[in-house]
């Protein structure tokens, strides 16, 4: 029997429902329970795949190829479960499926309404996503009071009636602000948020109160009194330097035990030693390295959420504080590579569109010519290919057909056919819809013997997640190999280039996939760990060069 924990948010958005849900999931998992997490998004897009990163932040890709909310990345980083397309759905997906059923005649000519048809579809999708888990944590996107969230809230209200309070539990996340002018903590926004939730028919069982500082006992008692929530169930969650402390903080306040008690679950004590080690390593670095992330969405760091977390994970596993310098590639186009001179390593992440492309190419050229560690991910690998073709293989004006359809040297072109990991041949062509038409999800990659990639991974075959439409053009790859480009990874059918490196460079790696999606704080990822180690080595080498003249004088 699956128990359901519904997490809602009030007062303001961006309080951290996803992190809180994932942290509670980590606690329950450490108590011996199998856990899954679902995210219900109230927007009408079918999925976030075609949304601007400035609007939505990162699109997280699941193993089975779904383009989902970035919160699923948090879920996978905190718990051991692998998310699928069933773990995230939107209002748009729900309505599309209901309308499809209506067109098919499934409702026998009935009038289709929000209640019961939309709410029934939501409940069915929740049950489907939760199937097989001891506990399903269901995060409802948006803020209580928003019109968009009402069908989801109505659906979970109905599930409480249908399943009872031994199988369902409501957690409400609210803001308890500190008003500096008055010098007071204000509980009124939380009171009104719970009042709004109760007007919908939902009484929260547990409150998680977000604040700048830990809540005093008097304020917790006041919140309990006015919200009809027992005082032990009013949890204080103040700001922390590392999100990986949160499972420990919530465990220490008894949240996991409180949940198990309310849901009548017999569970063991939570063993969070792994999380203690992660936090200790993050708080006590022995080294510092500066990494430039050269992209076009740098004004919103959530656009590269999994990437920044993967760099932090690599720092945890190398005892290094990773300082991330986000550099707009258009700024490099305007001001040149001067912006890169103080960094120890350069990373060019994925992206779409032609804006800022030449700045990324300059960054790749600067890294190649100056022996600076370079990590190109997805578009970042394609950028490295274009730069190498132009400046090492004498392919003047080489480009991707995404940016210049008439380029004389299309070293990167639309991928029209590939073999999925199930052995099925998938095809795409010009003019296909943008949504859901990319090469998506986990795909196997065969690594070249004696390559840097093979040494980093420690195995011959890996599976990594993809999200792209363009690939390296096999017709021109031979000329690039003659000039020193190494193809260190290929698709399992040998048709597609998955990884590249340079033999005459200290650390220059490109991959067509997104390794950041599978990095976790407890394990890290071999490519990111290798990249940070290379950055440290480059930093030490630079120090040695700078120290050399003074050493000569001493001699």
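Positions of Cβ are set from backbone N, Cα and C atoms, glycine also.
According to Swiss-Prot, the protein carries these features:
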{"type": "REGION", "residues": "1-265", "note": "region 'Amidoligase domain'"}
{"type": "BINDING", "residues": "13, 186, 187, 188, 189, 190, 191, 222", "note": "UTP binding site"}
{"type": "BINDING", "residues": "13, 146, 147, 148, 186, 187, 188, 189, 190, 191, 222", "note": "CTP binding site"}
{"type": "BINDING", "residues": "14, 15, 16, 17, 18, 19, 71", "note": "ATP binding site"}
{"type": "BINDING", "residues": "71, 139", "note": "Mg(2+) binding site"}
{"type": "DOMAIN", "residues": "290-541", "note": "domain 'Glutamine amidotransferase type-1'"}
{"type": "BINDING", "residues": "351, 379, 380, 381, 382, 402, 469", "note": "L-glutamine binding site"}
{"type": "ACT_SITE", "residues": "378", "note": "active site, nucleophile"}
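Where Swiss-Prot records a feature, it is marked here on the structure.
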| residue | record | Cβ contacts under 8 Å, 6 or more apart |
| --- | --- | --- |
| 71 | ATP binding site | 17, 18, 21, 22, 39, 60, 88, 139 |
| 186 | UTP binding site | 176, 177, 178, 179 |
| 187 | UTP binding site | 176, 219, 222, 223, 226 |
| 188 | UTP binding site | none |
| 190 | UTP binding site | 10, 11, 174, 175, 176, 207, 209, 223, 227 |
| 378 | active site, nucleophile | 349, 350, 351, 466, 467, 468, 511, 512, 513, 514 |
| 381 | L-glutamine binding site | 472, 499, 500, 510, 511, 512 |
| 382 | L-glutamine binding site | 376, 400, 412, 470, 472, 510, 512 |
| 402 | L-glutamine binding site | 352, 353, 354, 412, 414, 469, 470 |
If you average per-residue pLDDT over the domain 'Glutamine amidotransferase type-1' (290-541), what number do you get? 91
Write out the long-range same-chain contacts of residue 16 (ATP binding site), meaning residues 6 or more apart in sequence whose Cβ is under 8 Å from its Cβ. 173, 210, 237
Neighbourhood of the L-glutamine site (351, 379, 380, 381, 382, 402, 469): other residues with Cβ within 8 Å of the Cβ centroid, in order? 350, 352, 378, 383, 400, 412, 468, 470
Taking the binding-site residues one at a time (13, 191), which has its Cβ surrounded by the most other Cβ atoms within 10 Å? 191
Taking DSSP as the reference, which of helix, strand or coil describes residue 191 (UTP binding site)? helix
Can you list, in sequence order, the residues of the same chain other than 14, 15, 16, 17, 18, 19, 71 whose CB lies within 8 Å of the CB centroid of the ATP site? 9, 20, 21, 74, 139, 173
Rounded distance in angstrom between the Cα atoms of residue 380 (L-glutamine binding site) and residue 19 (ATP binding site): 29
Just checking a number: largest C-alpha distance across 351, 379, 380, 381, 382, 402, 469 for the L-glutamine site, rounded to a whole Å. 14
